[in-house]
Each structure stands twice: as structure tokens, then as C-alpha cells.
């Protein structure tokens, strides 16, 4: 099982959960799917920023060379077929359809709101509390993310509808202040689907949408079917057998610190033999990269010709023309294979022949992060009844 005793995050001090909220609709148990949408627009990225983001998200100190690389002026202008589009999920928040990021590594539902200056909401859908919305007097929230972005504001109880299932008194965290990073992002906010114990609302944390609607679902599960360079799907209340091959392999979840934590039992690089070793980590749709123990990362890049751990670029890089090996994670006997092309994250800057690796070190975090580089290779079942995680190849 995963141990997170070294994790030092302020929100872990919040232990009291908000009461479960009503779910509208009939007594019939529900199932539904959420299709991500392709949000067009050119987005400029520095690959090292994503690495720094992930380290900071979990309280790790970012090495100086990664900080320097993340702050560098070099950037990547995304292309239509690879990195140019952001995939978001349309969700009805108090009568407004908002495109939100779904993040299994956090537990807040926060959105752009009319409490922000209009100059900061251009291009975004905005949540407007109505006469039926209930302001929670004395309640507030504040979140800081890895890239230095932040948001804070007030808390309302309002209805949130996803796929025909409505939580009629869902805690909606309405942004009153927001940093420029969010203003420039196409997302209208975030829906966290980790466990409610790490919701950041004070003085009393609130339940996630998933926790609030579980009793109205046919099964207390949601499934992530993320895709490589394409929109994915989230299934709620059922497991779609048409989206995976073979059987689903389950492993226990340690949710003691609010995350979907699990332990892998080994790995393999390319066609090499399996190395048996315990890898404790979490499944996080809100992190781009796959972060693993440095010893494993070194062994992977030892098989990539021309690779190096670059102080200039803040992580492992290699010639974009290099042939990468696949990477396999062993979970309860199941071998989850990540295709080689997934592991080339992006060029380090526009026009460069040097690429940034999708696997980087988890140094300083205390556990590994199985982010989108890994998750989009699998159909992943988040099952609250165990709790447990299930994995099957797409």
C-alpha cells in the first residue's frame, strides 16, 4: 500500500467533510459518458514548466536547474495535430455550460465567476449565482498550482449537472481573484475527482461531485478513457467493455491522504526483462508527465541514444529523431504498456531537434505520479467501492 507520510501540503489539514448533498432525478440508477471537447487555439508551452508544475503540486522542492529551464524564454508553439488543442469537458454549473478540466489529483470544483473583473474573464464562460444559489457565509477557498498560478474566492451551493445527473446543492467555488495564467488558458475551471478529504474549502471541506452523486449511479465508479492526440471520454456509473481489450485488473487504493494511490510491483524497458520493485504512486489526470523514481528513469534513458539529463532544459531530453523504447508498468501481475510514441512529450522549443521526455524523476515528491503519459495508454476504472483502481489496455 502507498505511504504518503512525507507529503506536506496545507490542504491535508482539512479533515471534516461537508454533508452529502441531494441528487435530483428519479430513483433509477444512472450511467452516462462525458465526451471531452477539442478547444482550438494556439498555446505556447515550455516543457520544463510541466515538470516544475507536477513537483510543486505535491509539495516537492523544484531543483534550481528545472526552475531556470521553466523560466527560460524558449517555448513551444503547439501544432494542430499534436499539442495545439486542449481537451476539456462541458459541465452545467448553475445553468451555465462550462468547459472544465477533470483532475483526479485534486478535490475542488472551482470556476470563473461574475465576481471577477470583466477584463479577466474574456473568452471564458462565467458562473453567475442566481437567486436559487446559496452563498456559504464565512466560507472561502484558495488554491495555488505548480506554475505559480492561483485562484481564490467564495463558495456557493448550486446545482451541477453532468450527463443528466444533478447534484442540487453542490459546493461551487466561485473565483473572486485569479492569476494571469488562468486568464490565458481556455479552461473555465476545474472539477476535482480525488477524495473529498482534501477539498480546500475552509472552515469545512466540501464533498466532490462524484461523492455527492455516487448513490444515484448504477455503480460507484467513473472511468477515464483518455486518448493520444485526440479527445477522450469519462464514463460514470459503468465500465464500457467496448473501450478496452481483455479483462480489467484491479489493485487496492490507499486513499489515506485523499489521492487515488496504488503500488505497482515492477517495470520493464523496451523488450527487456521485468524488474521487480515496489513503485508507490497516484493516478492523476491533472498531471501531464509520468514521474518515477530517478533510478528507473535513468535506466529508461540509458536505452535512448543521445539522451541526457539536461540542466539547460530542466529534465531528460534526447534527439527528436531518436528511437524510444516502450515502457511497461506491472500492476498486480498485469503489464500496462505505454507505447513509445507517447513518451516523446514535445520539442524543447519551436523548431528544435531536441525533445523533452514524457518520463521524468519524482525526486522530492515522496511518491510517483502516473499522469496522462501513462493514463492515456489504459482504460482506467476509479472504483469507490474498494476503493480500488482497475486497468485494461485500450
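Easy rule for this one: first residue shown is 1, then count along the chain.
Quick reminder: no glycine exception, Cβ is built from N, Cα and C everywhere.
Look at Swiss-Prot and you will find 1-20 tagged as signal peptide, backed by sequence analysis.
Taken from Swiss-Prot, the feature domain 'Peptidase A1' applies to 87-392.
Taken from Swiss-Prot, the feature active site covers 103 (among others). Counting every protein chain shown, the number of other Cβ atoms lying within 10 Å of the Cβ of residue 103 (active site) is 19.
Its Cβ taken as reference, residue 284 (active site) is surrounded by 26 other Cβ atoms within 10 Å in the chains shown. Under the heading active site, Swiss-Prot lists 284 (among others).
Summarising the annotation, Swiss-Prot assigns disulfide bond to 320-355 and lists sequence analysis as the type of evidence. Here residue 355 (disulfide bond) comes close to 317, 318, 319, 320, 322, 344, 345, 346, 347, 348: these same-chain residues lie at least six apart in sequence, with C-beta atoms under 8 angstroms from its C-beta.
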Whole-number Å distance between the CA of residue 284 (active site) and the CA of residue 103 (active site)?
7
Please report the number of other Cβ atoms within 10 Å of the Cβ of residue 320 (disulfide bond).
15
What mean pLDDT score does the domain 'Peptidase A1' (87-392) have in the model?
95
